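Here the structure is laid out as structure tokens; the discussion comes afterwards.
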Amino acid sequence: MAYRALEDITVEEIGAAGVPPDEAERLHARLRRILLESGSSGPEAWDAISKRLLSPHLPFPLHQMLYYGCYVGFDSEPPPAWIPNEECAASTNIGRLLQRRGKELLGSRYEDPISSFADLQEFSVENPEAYWKMILEEMGISFSVPPSCILRDHDSYPGGQWMPGANLNSASLCLSLNDKRGLDDVVILWRDEGDDSLPVHTMTLKELRTQVWLVANALDTLSLPKGSAIAIDMQMTVTAVIIYLAIILAGYVVVSIADSFAPNEIATRLKIANAKAIFTQDSIIRGEKELPLYSKVVEALAPVAIVIPTRGSTIIKGLRENDISWHDFLGRVEYSKDITYAAVEQPIEAFTNILFSSGTTGEPKAIPWRHATPLKAAADAWAHMDIRKGDVVAWPTNLGWMMGPWLVYASLINGASMALYNGVPLGSGFAKFVQDARVTMLGVVPSIVRAWKSTNCTMGLNWSAIRCFSSTGEASSVDDYLWLMGRASYKPVIEYCGGTEIGGGFVTGSLLQPQALAAFSTPAMGCKLFILDSDGNPLPENAAGIGELALDPTMFGASVTLLNADHYDVYFKGMPVLNGKLLRRHGDEFERTASGYYKAHGRTDDTMNLGGIKVSSVEIERICNGVGSSILETAAIGVPPPTGGPEQLVMAVVFKDQSVLEENLEKLRLAFNSALQKRLNPLFKVSSVVPVPSLPRTASNKVMRRVLRQQFSKRSKF
């Protein structure tokens, strides 16, 4: 749609956007005054309009008309949707740090927090020892045994060895009593779906500590050796968070399994991690549906299971002989209000959590998080989302994905509260919970935002407590996120891209920089990015271009080993050397724009991102190839829509008989969906089936899915 310049917009056009005539007159008059004061186009005009004219109750087409009208003929792509002001920037965690130490750190380059943010990011890369020592002190991180140094060269680690000799327990940091919070401070807020009219539940630090200590003591009654792997396959409830912290506090290792997985996927992860026990629920409530979970765990031949009742009953029927109800598990410990537990302090390189990320061979990569990894997650939140004492952080997720543990550490280590909604986050129930819990940092994935926008489920709600949004998991849509910002009077969206193996992000945004929609404004603190050309060589620094992304290997918190693959082969083999450093592979195609923003363009390898879940093409193809006898072979392709947004799953199919009727393609699409949702993940959905005469292959017979992705991306629709 073509939009007109702001000075040309008429009262009638404002009315046509859905505004009543009298209000259209008033808005037009106010718009004219703003244009006289702030200019008729560009970022300054938009900043004034978004803060002084637009409000959530106004029709979204008006928001679009004014946003795009500000940037008619604008020569910088992408244009900013939010601009920091000096006062707000100075009050952020990074802003306060720069005001105190900017001249000390940056010398004559220091001007003010906004102007000098990029210099600080550069300082964090060039001086990792000084930066991380300073940030951990700012965050109040304490070690039971301090490190001998921050970083040293090590032959086994291309990026060096971080904090050798340090001992700590990352779960203990989440429970510590310090100047950020007292025992009576609220640390978790939650609500069950359907209880929209009831007050939000709360848990204080004192209550959380008591519950975690109780579970930690009960864990020791299982007589498992310290360091044993214990799985969690549950919704991300308060109980799940308590269990997660207790496992790590007691010196065991969490195995993270998403509650949506089919039994064979659960079994694969339990086997890879050699789990000795598992916490799960009898069932999951999603909307009006009650879905079995314990039975899937049993079908996966899981080890001893501790089973939590979903509806609060203490009696669970039909347990296997050695399985334990939650009530009986806790009953193994004599409860006392004075109960305590001494955290098991471990070397910083000890495993705390095994998470999984799909590889290209079908078997998921098992990625261990160490005690260093939570510090990276919390530091990202401190520096980029500005999470601090008094904040309430919500992010619909699950402990089976990295953002679940990330949410725990990002909020609790930084002295903030965590907000959990026990239900489907797609409708007005969750939106009202955001209002009632007074969420200040709301994390999202684009598919959730798209659902909110399509139903306008935030109508009439007050999201004014929000200071910023953050988004991860998949590519976002400009219009969806313009709508999202407008729900909170145009607070910024901090895009956040990283990976399970990073422990956080490598590229993101900042409250000290202008933020553009569906774009990243900066590498994460301590991270340096390189875009490789078609020959595999890094483009000149800060040059515009597009290509495969590579990372400087000196990244605090990043993985150094895999349980079921060679870490060097996966992330370093065949990568270029720059300035004496072997670059780290990531697998995404990235663009750096002429104005300095970064944009993600999907995977360069054979994994894709469906609804925020990474999955390999091989996993999908293995299931789809067996759906019908007419299929010769398939290729699963993640294709971004032409208008932006999350990848769509398109199946290229080679049929034994090439004369396939159109109606049979739709039947096959539904059959693919049924098989994938039953055997792999109920959230996966095939958007389209495309018949092809053959699959493009390399000389060594490998399928070139990248070629198909390029072909399908040129289509206007499926």
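Quick reminder: no glycine exception, Cβ is built from N, Cα and C everywhere.
Per-residue pLDDT, averaged along the domain 'Acetyl-coenzyme A synthetase N-terminal' (118-174), amounts to 95 for this model. Annotation comment: TrEMBL describes 118-174 as domain 'Acetyl-coenzyme A synthetase N-terminal'.
The domain 'AMP-dependent synthetase/ligase' annotation in TrEMBL covers 201-549.
When Cβ-Cβ distances below 8 Å are used as the criterion, the transmembrane segment (236-255) is approached by residues 169-172, 174-175, 188, 190, 201, 203, 208, 211-213, 215-216, 219-220, 224, 226-230, 269-270, 273, 275, 278-279, 308, 326, 341, 343-344, 346, 351-354, 368, 397-399, 404-405, 407-408, 418, 420, 422 of the same chain, each at least six residues removed from its ends. Marked as transmembrane segment by TrEMBL: 236-255.
Here the domain 'Acetyl-coenzyme A synthetase N-terminal' (118-174) has, by DSSP, the following mix of helix, strand and coil residues: 25 helix, 13 strand, 19 coil.
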